[in-house]
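What TrEMBL records for 514-564 is domain 'Cationic amino acid transporter C-terminal'. What TrEMBL lists as transmembrane segment is 75-96, 151-172, 203-220, 232-251, 263-282, 303-327, 347-375, 396-415, 427-447, 459-478, 513-533, 545-565 (among others).
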Amino acid sequence: MGMESEVPESGIRRRNCVCTKDDFLPEESFKSWGNYANALRQTPTRLIERALTRSNDEAELEAKSRSHHEMKKTLTWWDLIWFGMGAVIGAGIFVLTGLEASQDAGPAVVLSYAVSGVSALLSVFCYTEFAVEIPVAGGSFAYLRVELGDFVAFIAAGNILLEYVIGGAAVARSWTSYFATLLNFKPDKFLITAHGLAKGYNQLDPIAVAVCFIICIIAIRSTKGSSRLNYVASIIHIVVIVFIIICGLIKADAKNYTPFTPFGARGIFKASAVLFFAYVGFDAVSTMAEETKDPARDIPIGLVGSMVITTTVYCLLAITLCLMQPYQSIDPNAPFSVAFKAVGWSWAQYIVAAGALKGMTSVLLVGAVGQARYLTHIARTHMMPPWFSYVDEKTGTPVNATAVMMSATAIIAFFTKLEILSNLLSISTLFIFMLVALALLVRRYYVSGVTTNANRNKLIICLLLILGSSIATAAYWGLSEKGWIAYCFTLPIWFSATAGICIFIPQARNPKLWGVPLVPWLPSLSIAINIFLLGSIDKDSFIRFAGWTGFLLAYYFFFGLHASYDTAKEFEKSKGWKNNIEEGNGTSNVVVSKDVPIAPVASVN
């Protein structure tokens with residue numbers, strides 16, 4: 001969304017909001033059809049180079065200047081805690097709790113929430129160290145780009161963006177249903193049936209579109225303003241949650257907690273994989289590091305604090321629900337409202353609906369802020385068109401990225417039935433959280449020019465054993481309902497590989513400001529738990545994951561690869577650097593970044 005008439009050095013033209021080709025494809029490979037054909041012929045060579053290329057902290061931080069204007073530093077730890085709770089506590093707890101308690105876990109659904117919460121908390125630790133060390137808007141994309149390279153980072157970021165859009169659309173559809181309930185109508189009262197469309201896509205939801213539009217405007221106008229609105233919505237939401245817990249426990253019956261585990265351990269972990277969806281969103285807070293006044297202090301308090309509070313609230317709500325009703329009687333669609341009706345407090349359903357609306361509003365708002373910052377930083381590298389990286393001078397927000405992402409959310413929410421959206425669960429998020437934990441181990445134990453070849457090879461072997469044993473454990477769990485023999489091999493292998501890193505490989509880098517405790521045990525455990533939960537997800541989710549990843553690969557091979565390659569070469573030339581493939585000739589300081597700077601983007605000023 002350009003506002004200026006001059007032509008900057010990067011070639012991105014800005015003429016009174018009129019877009020040109022150079023706003024989207026300004027690189028040399030796209031200057032002519034001949035250039036593009038030549039670039040396609042070089043795809044294998046370029047792919048190898050970009051796959052082996054790793055960024056560094058300084059390059060990611062310098063990329064901030066490629067958004068025309070900087071984002072405003074207005075957030076504190078207090079803002080981040082409320083953003084964290086606002087991002088996470090939403091539709092998941094009000095919808096999925098009843099579904100999993102009645103069908104998979106029974107009263108033991110509280111243990112499912114605890115397992116998911118531990119997994120999320122381990123991921124929070126990993127995210128926090130990265131966010132403090134690399135306080136940019138790119139979140140996991142920037143972290144993976146620094147440690148695992150361009151190619152892995154792009155695939156991961158594409159999947160997290162999908163998760164944001166689909167999750168936002170699901171929440172917007174739920175918003176309409178709860179709004180109808182609040183007005184004492186049926187949940188589908190405001191849906192419009194289009195008979196000419198396919199089933200599942202013919203229930204049109206104009207209110208969801210309107211809600212997305214309003215959220216988009218708020219997110220564009222001001223990050224601090226979004227924070228204030230999130231305060232109000234989250235405070236009201238917390239008050240309603242406290243009401244549910246206190247009043248629900250007044251009507252509690254301990255007999256409803258028998259039997260506690262009707263579906264056994266398998267049901268608990270199956271529910272945990274689904275309920276992880278209720279924790280999705282905290283990573284959006286890490287994308288706000290660029291707008292945080294004191295990242296070293298504010299980010300750890302904000303991220304860890306919000307996740308501990310959220311996990312506690314979830315467990316208390318799960319306990320309350322299962323004490324109010326036998327698990328067989330819990331309604332899978334509106335569990336808390338029906339539970340209060342069952343105990344004779346029908347009036348309470350309106351308070352529950354109001355609380356759910358406030359919670360979902362916060363989730364949509366924080367999601368809009370987070371997903372736009374992901375896209376902004378990806379665009380700074382030119383893997384996505386640089387038009388998306390524009391930050392407005394007045395508002396200090398990424399207006400183009402916010403508008404496009406919320407438009408995509410609104411379109412999907414308008415057509416797609418909630419049940420279809422809810423089936424797209426947390427596979428992308430678990431995949432990314434696993435990669436971030438893996439990247440943290442690489443960051444701590446491998447620095448080019450510091451780590452010896454012998455230690456590098458030991459690290460590779462140990463990481464492969466950790467991944468392999470975790471995958472084998474998850475696969476055996478999914479294939480064998482009563483077997484246990486394989487665990488006698490996979491679990492000791494995981495333990496030995498983690499111990500091998502701890503004992504035989506010295507850390508090559510110490511965190512400068514804040515570090516994950518008990519490295520390598522906590523990151524390794526995060527890898528194992530995330531992969532284990534992935535093994536509990538249904539086959540259709542993996543098919544959708546593979547389909548979307550295939551689309552990302554096609555885009556990367558035909559556009560993103562060549563755009564980022566040209567940008568990298570231009571940046572290297574301007575800095576006087578040589579080829580930036582990892583060659584092991586880096587610096588010797590254990591706290592400096594690796595010697596393989598990757599170009600962020602060309603300037604758009």
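Note: Cβ is positioned from N, Cα and C throughout, glycine not excepted.
Taking every recorded stretch in 203-220, 232-251, 263-282, 303-327, 396-415 and counting its Cβ pairs under 8 Å to the transmembrane segment (513-533), the highest total belongs to 263-282.
In this chain, the transmembrane segment (303-327) lies in contact with the transmembrane segment (232-251); the count of Cβ pairs under 8 Å, excluding pairs fewer than 6 apart in sequence, is at least 3. Counting residues 6+ beyond its ends, the transmembrane segment (203-220) has Cβ neighbours under 8 Å at 168-169, 172-173, 175-176, 179, 188, 190-194, 226, 229, 361, 364-365, 368-369, 372, 392, 395, 397, 399, 402-403, 406-407, 409-410, 413-415, 417 in the same chain. Across the candidate stretches 75-96, 263-282, 427-447, the maximum count of CB pairs under 8 A to the transmembrane segment (347-375) is reached by 75-96. Sequence-distant contacts of the transmembrane segment (263-282) (same chain, at least 6 residues past either end, Cβ-Cβ under 8 Å): 84, 87-88, 90, 92-93, 96-97, 99-101, 104-106, 108-109, 111-113, 115-117, 119-120, 123-124, 127, 163, 167, 303, 306-307, 310-311, 314, 363, 366-367, 370, 425-426, 429-430, 477, 481, 532-534, 536-537. Same-chain residues lying 6+ beyond the ends of the transmembrane segment (545-565) with a Cβ under 8 Å from its Cβ atoms: 25, 27, 29-30, 36, 39-40, 43, 46-47, 49-50, 150-151, 154-155, 158-159, 162, 381-385, 427-428, 431, 599.
Per-residue pLDDT, averaged across the domain 'Cationic amino acid transporter C-terminal' (514-564), gives 86. For the domain 'Cationic amino acid transporter C-terminal' (514-564), the DSSP-based tally of helix, strand and coil residues reads 40 helix, 0 strand, 11 coil.
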